[in-house]
Amino acid sequence: MSALTIFSVKDPQNSLWHSTNAEEIQQQLNAKGVRFERWQADRDLGAAPTAETVIAAYQHAIDKLVAEKGYQSWDVISLRADNPQKEALREKFLNEHTHGEDEVRFFVEGAGLFCLHIGDEVFQVLCEKNDLISVPAHTPHWFDMGSEPNFTAIRIFDNPEGWIAQFTGDDIASAYPRLA
């Protein structure tokens, strides 16, 4: 179940607000300029789908976003607990960073935790299957895939080069709850 928990940057252990209601989550995030929507990830992808299979299954969703925002490229990120690079990838994504473009993800399997550092608050968004999130360009954030990752998401970019991060050097992520 998708969830949003809001913390003060001054008190990372006690939440200010929490909800698992998709409409409430959407309202809170939209107020901060973050797009959050529930889409349908209802295609049968099989046991170990290739990136091509995932893209073909959800080309209609990609086309919708391209038509709306003019995105130029897309790919698929799929990580499982047996990935030999899972620890290195988790550490990389857990470092607060920004992008020069919106970070758009459509989760078609599993879950991951986006943590957005907006002003004096941190918004932890548990994204699961059916969730579309678009983090605005230049928003400091980090992503936690958990110690045993299990997710597949379509990533959509303005930049044809794909995922390019500018790390902030702030260790804020270490103070907040993580996925197990």
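Cβ atoms here come from the backbone N, Cα and C positions, even for glycine.
Annotated Ni(2+) binding in Swiss-Prot involves His97, His99, Glu103 plus, out of the candidates His60, His141, the residue His141. A gap of 14 Å separates the Cα atoms of Glu103 (Ni(2+) binding site) and Glu96 (site 'May play a role in metal incorporation in vivo'). Glu96 (site 'May play a role in metal incorporation in vivo') is 5 Å away from His141 (Ni(2+) binding site) when you measure Cα to Cα.
Cβ neighbour count for Asp102 (site 'May play a role in transmitting local conformational changes'): 21 (other Cβ atoms within 10 Å of its Cβ, all protein chains included).
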